[in-house]
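Structure first, commentary second.
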Amino acid sequence: MLKQKKYLFYATPALPLALLGLPLYVYLPTYYAQDVGLGVFVVGAVLLLARVLDMFLDPLIGYYSDRYASRKSMMFFGMLLLLTGFYFLTNPSINADAWWLLLFSILVYFGWSLMTIPYLAFGADLGQDYKENSSYASYREVFNILGVLLALILPYALNVADKANEALALMNQVIIVLLPFIFLFFVLSTKSQAIHSSQKSFKAFVASFVQQLKSSRYLFSAFLLNNFANAIPATLFLFYVEFVIGSVEQTGLLLIIYFLAGIMGLPFWNYVASKTSKKQAWIYSMTSASLFFAFVPFLGTGDFNAFLFITIFTGFSLGADMALPASIQA
């Protein structure tokens, strides 16, 4: 029972961190394109630039997290940046432009990375062996899924799932209260492990990082293509349901069905992986999702049932993305 409590206490921050995903990737682009009036192209270009900058910052955060071994301090600083950036993103000034979106998107992504990278490393610090590491990761993924479900259900239950501005305002209020409270609980309930800080120089770190990229280039290429493929429908989902299918009032329901199908697919893809391999199961899931998504360009107004069918089966493939890539990397 004591071990279960340790796993549980460690996993709690995963919930509010996962809660942020849906607002940032689904509601925010629509809000800035339509309500703020920046347009789809400008919003897409700005968010892409912010993510590219974040991509280069992530390895540096990992380096300093290992170098100075102050996981909770970095997480606290990241939380402050994250909450500040998210507040200003969801409450833009009347003169907000592309620079506003870029500045606070960078702040949010940087804060998010400052929280998540040390947090993941903290889990590895706590584990004494492979089995414990797997248990910490499993509990974390459960809270991850709970966070995603909460982000889906809250806007739908309060009837704002099809209104990007109201959904963002709601999530901002929830996160501003929930994240600090859960982080405080995490700090008080988990004990930092005595770890040896990395003595590797920055030059040696860069050389090691480049070597890892080379040795795992096929895996990282698969990560890149798969995440790119997932990001496109996530960003365009609200636009597609409203302007192509013409069923904006069903947006929240479709999102819930998509992620529930993913959760239901988890045991199936784990079973396939046990009978073949993790890599093979992931390939099957990506192939399945691609085949079903191939019909999306041919749908039009009134094709809700057809899109619902596609949503269910592509969501089922999402179950593999939840479990297999990180497991393969480990």
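Cβ from N, Cα, C; glycine included.
According to TrEMBL, the protein has these features:
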- 7-26: transmembrane segment (TRANSMEM)
- 32-53: transmembrane segment (TRANSMEM)
- 74-94: transmembrane segment (TRANSMEM)
- 100-122: transmembrane segment (TRANSMEM)
- 142-161: transmembrane segment (TRANSMEM)
- 167-188: transmembrane segment (TRANSMEM)
- 218-240: transmembrane segment (TRANSMEM)
- 252-269: transmembrane segment (TRANSMEM)
- 281-300: transmembrane segment (TRANSMEM)
- 306-324: transmembrane segment (TRANSMEM)
Do at least three C-beta pairs under 8 angstroms join the transmembrane segment (32-53) to the transmembrane segment (100-122), pairs 6 or more apart in sequence?
yes
Checking distant contacts: for the transmembrane segment (74-94), what same-chain residues at least six beyond its ends satisfy Cβ-Cβ under 8 A?
13, 20, 23, 28, 32, 36, 61, 64-65, 100-101, 104-108, 110-119, 122, 168-169, 171-172, 175-176, 179-180, 183, 187
Quick one: do the transmembrane segment (218-240) and the transmembrane segment (100-122) have at least 3 Cβ pairs under 8 Å, skipping pairs fewer than 6 apart in sequence?
no
Top Cβ-contact partner of the transmembrane segment (142-161) among 100-122, 167-188, 281-300, 306-324 (pairs under 8 Å):
167-188
Go through 100-122, 167-188, 252-269, 281-300 and flag the stretch with the largest number of C-beta pairs under 8 Å relative to the transmembrane segment (306-324).
252-269
Taking residues 6+ outside the transmembrane segment (100-122), which of them lie with a CB under 8 Å of any CB in it?
10, 13-14, 17, 20, 24, 32, 36, 38, 43, 46-47, 49-51, 53-54, 57-58, 61-62, 65-66, 70-72, 74-75, 77-86, 88-89, 92-93, 190, 192
